[in-house]
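Chemist: One structure coming up, written as C-alpha cells, with questions to follow.
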Amino acid sequence: MKLLADFHIHSHYSRATSKQLTPEYLEFFGRKKGINLIGTGDFTHPGWLDELQQKLQPAEQGLFKLKEEFRLKEDAPEGVVRFMLTSEISNIYKKYDKTRKVHNVICAPDFRTVHEINNKLESIGGNLKSDGRPILGLDSRDLLEIALEANEHIFFIPAHIWTPWFSALGAKSGFDSIHECYDDLTKYIHAVETGLSTDPAMNWMISELDQFTLLSNSDAHSPDKLGRNANWFDTGLSYDDITEAMKNGGNAGFKGTIDMFPQEGKYHYAGHRKCNVCLNPVEVIEAGGICPVCGKKLTEGVMNRVADLSDRKELRERKNRKPFYSIIPLREMLAGIEGVGPNSKKVGQYYEEVLKTLGNEMHILLEKPVDDISQQGFPLLAEAIERMRARKVYIQEGYDGEYGKITVFKPGEIREMQSGDSLFNEDAQNIDLPEERPLLNFDLEALQRLHHSVHLTRQSVVQEPESPVYEKQHATGPLSALNSSQEKAALHESGPAMVLAGPGTGKTKTLTAHVYSLIHNRLVPQKEIATITFTNKAAGEIKARLADMLQTDEEALQMTTNTFHGLGFIICNEHAEDLQRKPGFMLIDPDETVSILQQITGKKLREVKQSAVQISLYKQNIVSALSDADIQLLDQYEDYLISNNLFDLDDLLYRPVKLLKENREISKQWQQRFSHILVDEYQDTNPVQYELLNQLIDGENSNLYVVGDPNQAIYGFRGASVKYMRRFVADFPQATIYRLQQSYRCSQRILASSANVLSSETSALKGINEGVKIKISAYASGAAEAEGIARKIEVLTGGMGFFSKDSQVVASNDDAEVSLSDIAILMRTRRQSDALKKALKDHHIPFQEAGEEPFWNKTPWSIVVNLLNFRYYQLPHLQKELKAETFSLVQEIPENEPAAETLKFITNRLRADYEFDQTQYQMICSMADGLDCKTFLTRLKTGWGADAIDNKLEAVQLLTMHAAKGLEFDTVFIPGLEDGIMPFHMFREQVDSEEEERLLYVAMTRAKGNLWLSHANQRFLFNQQQKLKVSPFLRRINKALTEQFKEKSSTKQKADGNQLKLF
C-alpha cells in the first residue's frame, strides 16, 4: 500500500501548541492533507495518554484508528488515517565536558510498551506532567536503553539532527557524530530525522549518515502544519512493515521524503543582516568566517554546520539515495497567487475550494496532472505547481535571523500573465522562467579542497604558550601546577600553620597538595593524617584529588578525611562502650529529638521545641548552663538515648570532647594517632569543634594546619565564630602564616565590588582578568524579577526549546552560551524561592534546590528516610512519624539490599500518594550509590544542605547564600538585594551587620564571569506584600564597576492555535 507518514508531531499538552491538536482534529487534517499515518506525539504525558486510550482503537498490527463517535463531520476528502504511538523527549545533560541538548522521538507498537517506558522514566524522577515533550536530565544513550528494555521493537529516531540548539549534531549543543551521542547502542539507531532546516541532499554530504534512513517529519505544533515534511512508503499497513522499511538506510518499502525548501530558515546561510552579507559555505571559508563589510565574526548558519562535518566531493557517492520532493505548502502557494497572507480569510476560502475540487493537498502538490488542475479552473495554481515540481523556483536564502523567501512567481509576474484577453497570451508566454534549482547552490568539491587547506594550515601553526599569571614554580610532579605562594604553603614542614586563602585562590588545591607533600616528601604515614572539612562533598573532593595525585584508588587511601561530625562518629564508634552504647548505634536528627522529647514529657510540640534548642546549644558549648527543668529533661532524654542505643547529631562532638577531657589515656591515644591535623574552612569553627581540636593536638607546637578566610565567616547563627581564626597566632605563637592572593576564579571587577560591600575601597586579591561590569537590575516586583532572571538564563543557555527562539525570548544567534549547571541563583532566604521556582518552571528550566537544611529532611523524602530507619532500627518514636498505611510498607522493604535499590523500591511504592522531584531523586540515588542502607542513613544524618548538590546534574542551582559556600559558577544571579532581606532583619530586633556583609561577599565571589545583582520595588514575602528600600550594601559598590538597568515588566507569550515558526 502506498502511504504518507508523519511520525513527529505534538499534542495540545505541549508548550506553544494549538488546542486543536486532538485525535479527532489530527484525523480530520490527515484526510485534508493526504497523510495516512500520523504519530500521536507526546505519549509520555499522562493526560494525553488517557485521551489516546479513550479515543483510539486498535487497527492493523501496532497501529490505531479514531473511534467512529469522535470523527468530525465537517467536509474533508475521504482517506485512510492511522495512528502510531510516538513521543518526543528533550534530553539535557553533560557529556564529554559539554552541555548537550538532544531531542529524540520514540515509536512504540502498543500501549503496554508506552506504560512501561513512562513508569521507568517516572521511577528515575522524570517529570512527565509539566509538558507534552518532557525535559529529562538523562543521557540520550540511556533513554534509548530504557526504551529497548521496555520493548526491543521500539523505533528510536534522533530528532531534527541539525537544529543548532536541540539535536544530536547541532552546532550549539550536539556531537560531531551520531555514534558519539549514542555510544554502544548506535547499532539500534536505524534512521535520523533531517528536520525542517535541512533536506536529504544536504545530509548526503556526510558518509557517516549513509547507514541511516533519512526521515522528514513536520514537528507540527498545530494540525494545519501536518505533513509539511513527510515520508513515502509502499509497504504493508502495519507497525512491523513500516519500521522494517525504515532500516538499513531505507529498505525497498521506503520510497523517499517530502520536504519544504530548507532555505526558508532564518539561519540557513551564514551572514550579517546589518551589512546585507549572505554567504554560502565556500564563501564563508574564503572569508575566514569574517564579515567582509564590518570585519566582525559572521553569524553561522545550519548549512555551515553540515559543511563542517561533510566529507564528500560528490553527492552521488551515497549509494542508497532515496528520492525527495521539495514542496511549498498549498496555502502559501495560494497566498502568493492572491498576494495576501496565508492565514487570510480569502486564502482560507480558496484553499477549501481547491480541496473540494481537486482532492487532498499532497495529491494536488505531487500527483495530480497539471493539465487537470488547469482544466478544472485553476490555471495559475497549475503553473505554480509545475514550476515547484521542476524546482524552478526563486530562492533567497535565510541568514542571520532573516527568513528566506521561496516563490514560484517573481514580483509582478502574475499581473503580466493575467493581462490581455488570454491568461497565457503571447507576452505572458515570453516571461523568463526561473532556472532549475540545483540540490546544492555551491561547489562541494571546492568546499572539500578548502577544508583540507584550512586543516593543513592549522597543523602548521605553532601556538606560543600563554604566559602564566603567577610566578614560576620550582616543584615537580603534582606540585608543579602550584604558584609560588601555594607552593610555599603546601611545602610547610612542621609546626602549626595558617593559610589565609581568599575566594578562588586555590584553597582546596593547596590543602590537598600539603597532604601530598607530607606523604610523598616527608614520608608521613597516611594513617597519621586527618583532614577535617566542612561538608561531605568537600571531603569527597579532597579524597578524589589525593587519589589522583598518589595514582591510586580512593579505597586504598589510609588517611582520615571527614567532617567534624564524621570524625566524631569514628570516635563514638570506637569507644561506644565507654559512652554506654553498643556498636551499630543509630543517629537521630533534630526533628527526631523533638519527637522523643514529646514522647518523654507528653507535652505539645511547641512546648518541647524550645527545650530541644536549649539542649542543642548546651551540647555545642554555645550556652554554659540550662534551666532546672531542662537539666531534668536532659537527664531523661539521655536515658532514652542510652536505652535505645542512640546518639543525636550534637553527641558526635559533645560526647568525644567529654570523653577525651575526662580520660587522659584515651586522649593520648588519639593525639598519637594523628601526628598531622588539617582543618578546612577554619573561620567557621564553633566552640565544641574548637574544643575537640584542642583535645586531639598535643600542645602549641603540634602540626595543626588550618585554612580559611575571615571574610567568609558566615555561620554565626550556628555558633561558629571568626574569633578562633583571629586568635590562632595567640593560641600558637610559633605558627607560620601563609597568604594566597591570586584568585583564579573572580575577575578584578567582581573582587573590587565585593570588597566594597565589606566597606573596603580595594581588594587585596588579584583577579584573573579585568572582567565584565557587574549588572544591577531594578524590577517593579519580585515576580518580575524572577521572570527577568529566567529569561536571562534562557538567553545565556540558548533556550530550553523552540518556543524560546520563536517567541524571541532568546536571540538565536547568541554565541555566548553557558551550561545550566554553571548558573546559580543565590538567595538570602528560602522564602524567596517560590517566585523563582515558578518562573523557572514556566520557562521549563531544570533546577536543583539546596539550602541550609537538606531536602531529605522534608516531605516526602523524610517519609522515605523514616521508613528506612524503622526497617533497621525499630524505635517507637519513628512509628509515630508514619501514617498507618505508610507504616505497613515497612515489612515489605527488602533487607540487606543496596541503598540505591531500596530507595527505588520505596519511592515506587509511594508514588501513588507523593510526588518525588526528579532532580532530588537523581541526587539522592547518586548519594546512595555503592552504600548499604545503614551507612547511607549515617551519611544523610551527618550531611549538610550543600551535600545535596549534584555537580553532574545539568540544572540551574537554586541555593541559599549559605549553601553556596565553597562553590563556584560561571554566572551568578543574586536577587532580593533590599534592606530587610540583605541585610536580613525582618522580625529581628538585632542583626549582625558584619556577618551579613560577609554573606553577600561570599555570594558575589561565587561568580567566575557574570554577576547579576537585582532588587525590586515590592515583593510578596512571608505571606504579605513588602515594600523595601534598596540594600545599603548595594549602594556601597563603586558605580564605575557596574551597569545599571531598569527592567521593564515582560508579558508572557502564549501560544494560540497557530503554529509558531520553527526556523
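Easy rule for this one: first residue shown is 1, then count along the chain.
Note: Cβ is positioned from N, Cα and C throughout, glycine not excepted.
Annotated ATP binding site per TrEMBL: A501, G502, P503, G504, T505, G506, K507, T508, in sequence order. Annotated domain 'UvrD-like helicase ATP-binding' per TrEMBL: 480-747, in sequence order. Annotation source TrEMBL lists domain 'UvrD-like helicase C-terminal' at 741-1009.
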Chemist: From the centroid of the CB atoms of A501, G502, P503, G504, T505, G506, K507, T508, the recorded ATP site, which same-chain residues not already listed sit within 8 A by their CB, in sequence order?
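Modeler: Sorted by sequence, the hits are T510, D709, L740, S743, Y744, R745.
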Chemist: Cβ-Cβ under 8 Å from G502 (ATP binding site), same chain, 6 or more residues apart: which ones?
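Modeler: Correct list: D709, N711, L740, Q741, S743, A764, L765, T1005.
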Chemist: Check the binding-site residues T505, T508 for other C-beta atoms within 10 angstroms of each C-beta and report the one with the most.
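Modeler: Comparing the binding-site residues T505, T508, the most crowded Cβ belongs to T505.
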Chemist: In terms of DSSP three-state secondary structure, what is the assignment for G502 (ATP binding site)?
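Modeler: In the DSSP reduction, G502 (ATP binding site) maps to coil.
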Chemist: Restricting to the domain 'UvrD-like helicase C-terminal' (741-1009), what is the model's mean pLDDT?
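Modeler: Computed over the domain 'UvrD-like helicase C-terminal' (741-1009), the mean pLDDT is 85 on the 0 to 100 scale.
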Chemist: When you measure from the Cβ of G504 (ATP binding site), how many other Cβ atoms are you left with inside 10 Å?
Modeler: 23
Chemist: Cβ-Cβ under 8 Å from G506 (ATP binding site), same chain, 6 or more residues apart: which ones?
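Modeler: Once residues fewer than 6 apart are set aside, G506 (ATP binding site) is near L482, N483, Q486, L740, Q742, Y744.
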Chemist: 10 Å Cβ neighbour count around K507 (ATP binding site)?
Modeler: 23
Chemist: Long-range same-chain neighbours of A501 (ATP binding site), Cβ under 8 Å, sequence gap at least 6?
Modeler: K507, T510, V707, G708, D709, L740
Chemist: Give me the long-range Cβ neighbours of P503 (ATP binding site): same chain, 6+ apart, Cβ under 8 Å, in sequence order.
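Modeler: Once residues fewer than 6 apart are set aside, P503 (ATP binding site) is near D709, Q712, S743, R745, C746, L751, S754, L765, V1002, T1005, R1006.
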